[in-house]
Amino acid sequence: MSTTTVTAQANLRREASIELASSNGDGLPDRTYDSVYTRFSNVQKSSMTAFIAFGGLMASMSTTSILAAVPEVAESFHTTPTAINISNAVYLVFVGLSCCFWGPWADVFGRKSVQRGASLGWFAGGCMLGPAFGPLVSGVIVTYTSWRIIFWLQAGLAGIGLVQAIFILHETLQQLRYKELRGKGLYYGMVKLWEWSNPWTVFKLFGQKNLFCVCLASATTAWNMYSLLTPIRFVLNPRLGLTSPLQSGLLYLAPGAGYLLGTQIGGRLADRVVKSWMIRRGFRLQEDRLRAGMLTLGVILPGTTLLYGWSVERSIGGVALPGIYIMQHQSGKASASHYLMRYIFSAVATASCLPLIEAVGVGWTVTVSSAMVWMGSGLILLTIMKGERWRTV
């Protein structure tokens, strides 16, 4: 390990113990932080990480479990599969809008976020298990019982998650911001609480060019994922001669396994890229982590998506954290802005993919999706090149 790396890590560790001894910019009392490395035992950290991974699993399962059961649900309500997909899209929109409230509140009242880095990898892994096993579990349920059991299962998992949130999660925010209002008076406190937790601040962060580009690039990958997952039963079942929801559910294992593997490889690759650029340059830039995804985002993902779509169309062949580092003092709002844009794009993709396939075919639909991913890779490249300048403006 180089001297530069050791020095940078030592400085980071020291700053973590005394960070925010200066003014926070609001004219409020300064906040002193205890060491973030010694507050919790390894068992506590592991249990909290396991819980947030479980939470990510529930979130992704709730949006993808219905995909394997869309024809049965549509038949029960005497409607079209497109209408069911639109209802799922509306749910995704509200999940995204909830981030507008959760993000600002997390910065004020606490967020219980555990150590980032490896923990985010496990959280992302939980999120990516949902697209793989959610439709598979739903396929089993619909094949042997009723699709309504899917929602009872989700309700039970949510109850388990609530119990875990109460008894397992510990507050990790060093000092809760609302405590700074003690003794300031009711009117002043209400005004400041609204100022800090105003949901509109999530949208205002899109004015930061680097955050906007990263969020939009991430949203294009969400569009790609949901536009591929949503129509699987209607696109592949007729071509492969599949007849049961269980058989359709098995098809989701392939993309789900890819997503899961990508979260584990991508995080470690990003760490290596950051270290290599730190050694090469002598210091670290926040945009360095983005370099790890350029090949995947710019070549592999859109290329394989095109290959899949046109092979299905012609009946041939076989079948991303930086925002948090950019806005460190508003990390809750930055994370909320990111997920808001992802869920909005996911909702639009879910609602539009079937009508688009019916209108222009699978090939041109995935061409649109690939073009959006290419656009996202261009935004990432732009952020890498200009991000430091944007942050200093």
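Residue positions begin at 1 at the first shown residue.
Using N, Cα and C of the backbone, Cβ positions are placed for all residues, glycine too.
TrEMBL entries are annotated by machine, without manual review.
Feature annotation from TrEMBL assigns transmembrane segment to 48-69 (among others).
Residues annotated as transmembrane segment in TrEMBL: 89-108 (among others).
For 120-143 (among others), the entry in TrEMBL reads transmembrane segment.
Same-chain residues lying 6 or more positions outside the transmembrane segment (149-169) and placing a CB less than 8 Å from one of its CB atoms are 47-48, 51, 54-55, 58, 61-62, 65-66, 69, 112, 137-138, 141-142. Summarising the annotation, TrEMBL assigns transmembrane segment to 149-169 (among others).
Look at TrEMBL and you will find 211-229 (among others) tagged as transmembrane segment.
Annotation source TrEMBL lists transmembrane segment at 249-270 (among others).
Residues or ranges marked as transmembrane segment in TrEMBL: 290-310 (among others).
Residues annotated as transmembrane segment in TrEMBL: 363-384 (among others). Panel annotation: around the transmembrane segment (363-384), residues 209-210, 213-214, 216-221, 223-224, 227-228, 287, 290-291, 293-294, 297-298, 301-303, 305-306, 308-310, 312-314, 322, 349, 353, 356-357, 390 of the same chain, lying at least six beyond its termini, place a Cβ under 8 Å from a Cβ of the stretch.
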